[in-house]
Amino acid sequence: MQKYTSEARQLLALAIPVILAQVAQTAMGFVDTVMAGGYSATDMAAVAIGTSIWLPAILFGHGLLLALTPVIAQLNGSGRRERIAHQVRQGFWLAGFVSVLVMIVLWNAGYIIRSMHNIDPALADKAVGYLRALLWGAPGYLFFQVARNQCEGLAKTKPGMVMGFLGLLVNIPVNYIFIYGHFGMPELGGIGCGVATAAVYWVMFIAMLSYIKHARSMRDIRNEKGFGKPDSVAMKRLIQLGLPIALALFFEVTLFAVVALLVSPLGIVDVAGHQIALNFSSLMFVLPMSLAAAVTIRVGYRLGQGSTLDAQTAARTGLGVGICMAVVTAIFTVTLRKHIALLYNDNPEVVALAAQLMLLAAVYQISDSIQVIGSGILRGYKDTRSIFFITFTAYWVLGLPSGYILALTDLVVDRMGPAGFWMGFIIGLTSAAVLMMLRMRYLQRQPSAIILQRAAR
């Protein structure tokens, strides 16, 4: 029991800074929305449309680079720290290549935006302008993620938290300058949010790079001179590990976007109630997602040390802590659901629907916690392909079709409206949780030599 208590303390010490960093990132999006809305409703809508395209594109790159964390954690645990610098440099090369692809996609996103049904031309122009300003921040964001993953792989999660709050503090005044045109800058409205956010990502990257260069604990990692050329073997391995994570993230984001589109014809009340419940659920999701990042670090580190039993302890402890957190957030959601909905909207119909959907959200929080921590465990074992197949099957083969049938058809029961899609979420997330656990058990039952051989690749 003592080893689980000790492991839980170490997991929480890693996870809490990640949670706070995520809060800062979420707050940046909130600030952009509020400040753009203060300028005009059209500008706020433009930022919302632009963000809905930016997120899937940049999260694809973000997911690809998540492969660095278990690689670095494993090298650190095995005492091969001299190889970390090379892996980080390959991460920067990969981030550079992906940045170019993301920037090309975002530059041409105007074709998608202008093809939207009945979109106002002025709104479309502002959304395109916002994206074309924001895309210059893509390299800064992805380079920052490489540096952050280096720190997190070395079990240092506080620098990411500090840089997140630094970004938030810089974002507010820079937004103000470019939205309203102060200090000789042009008045750009919502487009100014894109300029400000792009600048903030570069500030965060430069600050993180400065920390890494001056941190005593990383002196041995920056001994090698010169930046070096791309290593095709190392980059191929990073892509093999990262691509399934990137695709899983992409399909998860697009799933919720597709559901939002399917709910939109049902009416204003249904859309508003669905959005409130989804927004609050996303806030609660920060807790297990951050814990999953900590579990990846601990499992990777323990495997690097050559201890499959300690890796199992880290995995089980992470699941136990995650389930306890989910039970607490579920009780909180059920108890205060009406009060939470009232914070978003005071329309009685919207509040009633949002409160009903939050009951379903409370049910799936436990499954969601298990599946996302399970994903973190599998990343620690470097078993990322299964993450993609499980996620795709659970969400797109089981969850979405079930939700569609329950919400919009009479095949099983009378049409349930938005609640049907939320039942689909429960089916999809529960399926993912079960499959993740089965895969984890399969991996852990393999001979230690095979597990360690995979981890060392």
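Each residue, glycine too, has its Cβ placed from N, Cα and C.
The transmembrane segment annotation in Swiss-Prot covers 11-31 (among others), and the record cites sequence analysis as its basis.
Annotation comment: Swiss-Prot describes 53-73 (among others) as transmembrane segment.
According to Swiss-Prot, the transmembrane segment annotation covers 93-113 (among others), on the basis of sequence analysis.
Nonlocal intrachain contacts for the transmembrane segment (127-147), taken as residues 6+ away from its ends with a CB within less than 8 angstroms of a stretch CB, comprise 45-47, 49-50, 53-54, 57-58, 61-62, 65, 68, 88, 91-92, 94-96, 98-99, 102-103, 106-107, 109-110, 113-114, 163, 188, 190-195, 197-205, 208-209, 212. The transmembrane segment feature in Swiss-Prot is assigned to 127-147 (among others).
If you look up Swiss-Prot, you'll see 160-180 (among others) marked as transmembrane segment, on the strength of sequence analysis. Beyond the ends of the transmembrane segment (160-180), by six or more residues, the same chain brings 17-18, 20-25, 27-28, 31-32, 35-36, 39, 43, 144, 148, 151-152, 186-193, 195-197, 199-201, 203-204, 207-208, 211 to within a C-beta distance below 8 angstroms of the stretch.
Positions annotated as transmembrane segment by Swiss-Prot: 188-208 (among others). Long-range contacts of the transmembrane segment (188-208) within its own chain (CB-CB distance under 8 A, at least 6 residues past either end) are made by residues 28, 32, 35-36, 39-40, 42-44, 46-47, 50, 126, 129-138, 140-141, 143-144, 147-148, 151, 159-160, 163-164, 166-167, 170-171, 174-175, 177-181.
What Swiss-Prot lists as transmembrane segment is 243-263 (among others), and the listing cites sequence analysis.
Positions annotated as transmembrane segment by Swiss-Prot: 276-296 (among others).
Summarising the annotation, Swiss-Prot assigns transmembrane segment to 314-334 (among others) and lists sequence analysis as the type of evidence.
Taken from Swiss-Prot, the feature transmembrane segment covers 350-370 (among others).
Note on the transmembrane segment (387-407): residues 243-245, 247-248, 251-252, 255, 258-259, 262-263, 371, 375, 378-379, 413, 415-425, 427-429, 431-432, 435-436, 439 of its chain, located 6 or more positions outside it, place their CB under 8 angstroms from a CB of the stretch. Taken from Swiss-Prot, the feature transmembrane segment applies to 387-407 (among others), supported by sequence analysis.
The transmembrane segment annotation in Swiss-Prot covers 418-438 (among others). Non-local neighbours of the transmembrane segment (418-438) in the same chain are 255, 259, 262-263, 266, 270, 273-274, 277, 353, 356-357, 360-361, 363-364, 367-368, 370-371, 374-375, 377-378, 387, 390-391, 393-395, 398-408; each lies 6+ residues outside the stretch with a CB under 8 Å from one of its CB atoms.
In this chain, the transmembrane segment (314-334) lies out of contact with the transmembrane segment (53-73); the count of Cβ pairs under 8 Å, excluding pairs fewer than 6 apart in sequence, is fewer than 3. Highlighted: of the candidate stretches 11-31, 93-113, 314-334, 350-370, 11-31 has the greatest count of Cβ pairs under 8 Å to the transmembrane segment (276-296). Same-chain residues lying 6+ beyond the ends of the transmembrane segment (11-31) with a Cβ under 8 Å from its Cβ atoms: 51, 152, 155, 157-158, 160-161, 163-165, 167-168, 171-172, 175, 197, 200, 283, 286-287, 289-291, 293-295, 297-298, 314, 317-318, 321. Nonlocal intrachain contacts for the transmembrane segment (93-113), taken as residues 6+ away from its ends with a CB within less than 8 angstroms of a stretch CB, comprise 49, 53-54, 57-58, 60-61, 64-65, 119, 124, 127-128, 131-132, 134-136, 138-139, 142-143, 145-146, 230, 235, 238-239, 242.
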